[in-house]
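Notes to accompany the following structure.
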Amino acid sequence: MALRDVLLSIAQTPHRLRRRALVTWTPTQELNEVRDRSGARMKRRLEWYDLVGLGVGGMLGAGVFVTTGRVARDTAGPAVFASYVVAGVSALLSSLCYAEFSVRVPVAGGAFSYLRVTFGEFVGFFGGANILMEYVLSNAAVARSFTDYLASTFGVTERNAWRIVVDGIADGYNELDVPAVALILLITVCLCYSTKESSMLNMVLTVFHLLFFAFIVAAGLWNGSARNLVRPHGLAPYGVRGVLDGAAVVYFSYIGYDSACTMAEEIRDPSRALPVGIAGSVLVVSGLYCLMSVALCVMLPYTEISEAAPFSSAFREKVGWRWASSVVGAGASIGIVASLMVAMLGQARYLCVIARARLVPLWFAKVHPSTGTPMNATIFLGFCTASLALFTELQIVFEMISIGTLLVFYLVANALIYHRKIDGWCQWGMTLFGAVSIAITTIFHCTARQDIAGPSLEWSVPLMPWPAAASVFLNVFLITTLKVRSYQRFGIWSLVTIVFYVCYGVHSTYSAEENEIVNAMIHHANLDIS
């Protein structure tokens, strides 16, 4: 591009922003015109049980082995199970909103596509960028936790025994984790090969993982004491605030069910499989998380829970079952592999669809004709995740993950209410919905027009708008419990996202629109001549 063209584009930025930021696409366009930009199409080879396995596998191990010990010890105390209940209810409500959107718009874009067809290009890109950030950071965190549990499998208890500590680098970034990097690269290669085979591998790992969860719960409750739930400072030593603060942190453990939405293009019967796979997996996992957290807290007082690999440490040091510690380490490692596989499936498909919209280079949208996978996006994000996992300590990424996730889930719930209950003139009023969600919901329920956005669906969220309104309320409430540092880092990421959109995204989509108009004119002219 010549310098003159660059300067012209910069000068036209305000005009292009007005033209593109609020432009929306219809579900039909997403399913046809936009999807065709990937060239080859993803292969529809998955059934409903694949989706259930992906949903459960994506969540189990993603956070319960990473966050439970920290939250129980420092935030919620033995009442960490209540934190999981609050987070689980919020995740279930959000999952219902996702499920209806995935039936309405069965493409691989997940929240990005849902927001783009509702609120326009900029909100869609902002939500998609936050989901990608959440995936990359959470996958890096989970991969580093894999190193701790794999070491405990072989009886290694020193925290950084399998990491390389480098002097001269800032604390929190100086512990190089080579096993985590190796795991991510191996999974990246598998995901490039085939989605169906990856799903089958995940199914096998998830079955073993469920058996392993049952062992931990049974052994933990058998060897524990109910007195540990109330000592040394009671069931909720940090009060109700601690339980709610803990809920915002353990929400990280529910990252994964939205990965199932990104499989929509590869499901043979989306309207049946997606609601079952998304909402069903959240219910199953919520119950298991509560039982796991109770089992940990009855084994030993919350003040003695280990920060690294807490379940392995509990069996080894308090119960005296060294062999069980190795079993826990092996089982947790398997669960983490399954969780990473599903999450990395999802992150690649998000980037693929964002590229279809030309908000990032179109190269990321290409689907390999023989494997039917978005290979370019998979490789790029695998490299990004491995780079972060190599040197970034867990606590640093925890502070960034939940706020982006909760914000996107809040936006998706708003988008569903807009589609189902509100006419177009109310669009800007949705920004105020979080603060007065209950009152506005009552007004919507009594006075608003119903289902104006499209034809009737084979499946939709029951009792609307109450589930979506409750999701909005809970997501906003949990966001307010996060620490100031989370907002600071999120603010930096938001600024980067906005700058990227203004400097690249808006110009890319505007130029693409102009080219499509010119090509259409040439096509019609040729038809007239012939």
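Cβ coordinates come from backbone N, Cα and C, glycine included.
Curation does not apply to TrEMBL; its annotations are automatic.
Features reported for this protein in TrEMBL:
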type     : residues : note
TRANSMEM : 48-67    : transmembrane segment
TRANSMEM : 79-101   : transmembrane segment
TRANSMEM : 113-133  : transmembrane segment
TRANSMEM : 176-194  : transmembrane segment
TRANSMEM : 201-223  : transmembrane segment
TRANSMEM : 235-257  : transmembrane segment
TRANSMEM : 278-303  : transmembrane segment
TRANSMEM : 323-346  : transmembrane segment
TRANSMEM : 367-390  : transmembrane segment
TRANSMEM : 396-418  : transmembrane segment
TRANSMEM : 425-444  : transmembrane segment
DOMAIN   : 459-508  : domain 'Cationic amino acid transporter C-terminal'
TRANSMEM : 464-483  : transmembrane segment
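The listed stretches are 48-67, 367-390, 464-483; of these, 48-67 has the most Cβ pairs under 8 Å to the transmembrane segment (323-346). Here the transmembrane segment (278-303) has long-range neighbours at 51-52, 54-56, 58-60, 64, 68-69, 72-73, 77-78, 80-81, 83-85, 88, 91-92, 95-96, 98-99, 102, 210, 213, 216-217, 219-221, 223-226, 228-229, 231-232, 237, 250, 253-254, 257-258, 260-261, 310-311, 314-315, 318-319, meaning same-chain residues at least 6 beyond its ends whose C-beta is under 8 angstroms from one of its own. Contacts between the transmembrane segment (464-483) and the transmembrane segment (176-194): absent, as fewer than 3 C-beta pairs lie under 8 angstroms at sequence separation of six or more. Within its own chain, the transmembrane segment (79-101) is flanked in space by residues 68, 71-72, 110-111, 114, 235-236, 242-244, 246-251, 253-254, 257-258, 261, 274-275, 278-279, 282-283, 285-286, 289-290, 293-294, 297, 302, 409, 412-413, 415-416, 457, 459-461, 467-468, 470-471, 474-475, 478, which lie at least six positions past its ends and keep a Cβ under 8 Å from the stretch. In terms of DSSP secondary structure, the domain 'Cationic amino acid transporter C-terminal' (459-508) contains 40 helix, 0 strand, 10 coil. With pairs at least 6 apart in sequence, the transmembrane segment (48-67) and the transmembrane segment (201-223) have 3 or more Cβ pairs within the 8 Å limit; the two touch. Outside the transmembrane segment (367-390), and at least 6 residues removed from its termini, the chain residues within Cβ reach (under 8 Å) are 38-43, 108, 132, 135-137, 139-141, 143-144, 176-178, 180-181, 184-185, 187-188, 191-195, 266, 344, 347-349, 351-352, 355, 397. Within the chain, the transmembrane segment (48-67) has long-range Cβ neighbours (under 8 A, six or more residues past its boundaries) at 138, 141-142, 145, 149, 196, 199, 202-203, 205-206, 209-210, 213, 249-250, 252-257, 259-260, 263, 267, 269, 272-274, 276-278, 280-282, 284-285, 288-289, 292-293, 309-311, 332, 334-336, 338-339, 341-343, 345-346, 394, 398. With a cut-off of 8 Å between Cβ atoms, the residues of this chain six or more beyond the transmembrane segment (235-257) that come close are 55, 57-59, 62-64, 66-68, 70-71, 75-80, 82-84, 86-88, 90-91, 95, 98, 134-135, 138, 141, 229, 278, 281-282, 285-286, 289, 302, 339, 342-343, 346, 398, 401-402, 405-406, 477-479, 481-482.
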